[in-house]
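TrEMBL annotations:
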- 6-23: transmembrane segment (TRANSMEM)
- 35-57: transmembrane segment (TRANSMEM)
- 100-120: transmembrane segment (TRANSMEM)
- 132-162: transmembrane segment (TRANSMEM)
- 168-190: transmembrane segment (TRANSMEM)
- 202-220: transmembrane segment (TRANSMEM)
- 240-257: transmembrane segment (TRANSMEM)
- 269-287: transmembrane segment (TRANSMEM)
- 293-309: transmembrane segment (TRANSMEM)
- 316-339: transmembrane segment (TRANSMEM)
Amino acid sequence: MVTFLAMLLLIVLTYPYFNRKKLLLKDRTVSLKTIYIFLVSLMLIIILGLRGLSVGIDTTAYYNSFEKMQFNSLSQTLDVQIEHGYKLYEYTIDRVFGEFQYLLVFMAIFYISVVSFYIYKFSQNAMYSYLLFILFGFYTFGFSAIRQTIAIALIMIAFKYIIEKRLIPFLTFVLLASSFHITALIFLPSYWLNKIKLNRRILLLFSLIALIIIGLRNELFSFLTSYSKNNYTEIETGGSFLYLFILFSVIIGVIYRKMLINKNENNKYFFYMMITALLIMPVTQFHPAVTRLYYYFFIFMIIYVPNLFNSIDDKLIRFIGMGGYIIIGLYLFFGKIIYNTDLDNYLFFWQ
């Protein structure tokens, strides 16, 4: 826990110095935001990539899979029905480096680099984006769900092509993501979301669907879990707290949507992702096999939320809103995430 607390403090305490736009040198200027993002990224990569086997719920399982694969040929490695991308990644790391630690390091470099690219290019507050990324579990997700973490990073690359309206690259990266985790295919319809206009009728429809889901959540839970071989409580599969939080985030976006989109046209795409996360999350929470399906959409909140509050002119509302998200995030991170993901006793691989 001390490791993560120190990491959060460094992100916060160093930001005021780097928040100036430019650093004047002898013959050129350097963006301090770039330096800040690079240093934070490096720290996140080191902690994620150099962890020991005891850190993270499934790290040992991935290690055992890697060890077993060492005796297989390429044809044997790829002799699976789905998710060939991860198997090929695993095989390549083994043949080139021969050590499982490199698999973690390269995953960390890829994931954090993609996230940091988004923060650099789209976020109005880099520090706040990194805090949301960590406190709401997106960073710690990489300590356990390696395959889906890589898939999420690839989906984030695909999302860029939604903004650029380039269908072929979008499809390519979604399909590539599905070769690491088949659930990434749920992101395919996202390309056409930009065709939907955010008028009152559409927003009313989305709100109605959300309210129906909330009202029937217990019935849906009972119905869907009746088809599961295991018994899961609502708390074990996520509960409704986070769902209400996402709903609240969308409601704020609805209220201030004009300011949000006027600030930057690209913000509407992040708003679409939050709405989609809101609509699909209740269903995904009822079965552990797809529990984190909404992460493909919800991860864009690290851009959506800072930009949303940045678009609000009222300083008091902005302060209360941003502070509220941090308080909720601290509660989730130190009260639940750390302990539920075996991260309370962090060790580097050499310890």
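Every residue, even glycine, has its Cβ placed from backbone N, Cα and C.
Note: TrEMBL annotation is automatic and uncurated.
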Closest-packing stretch to the transmembrane segment (316-339), where packing means Cβ pairs under 8 Å, from 35-57, 100-120, 168-190, 293-309 | 293-309
For the transmembrane segment (168-190), which stretch among 35-57, 100-120, 132-162, 293-309 has the most Cβ pairs under 8 A?
-> 132-162
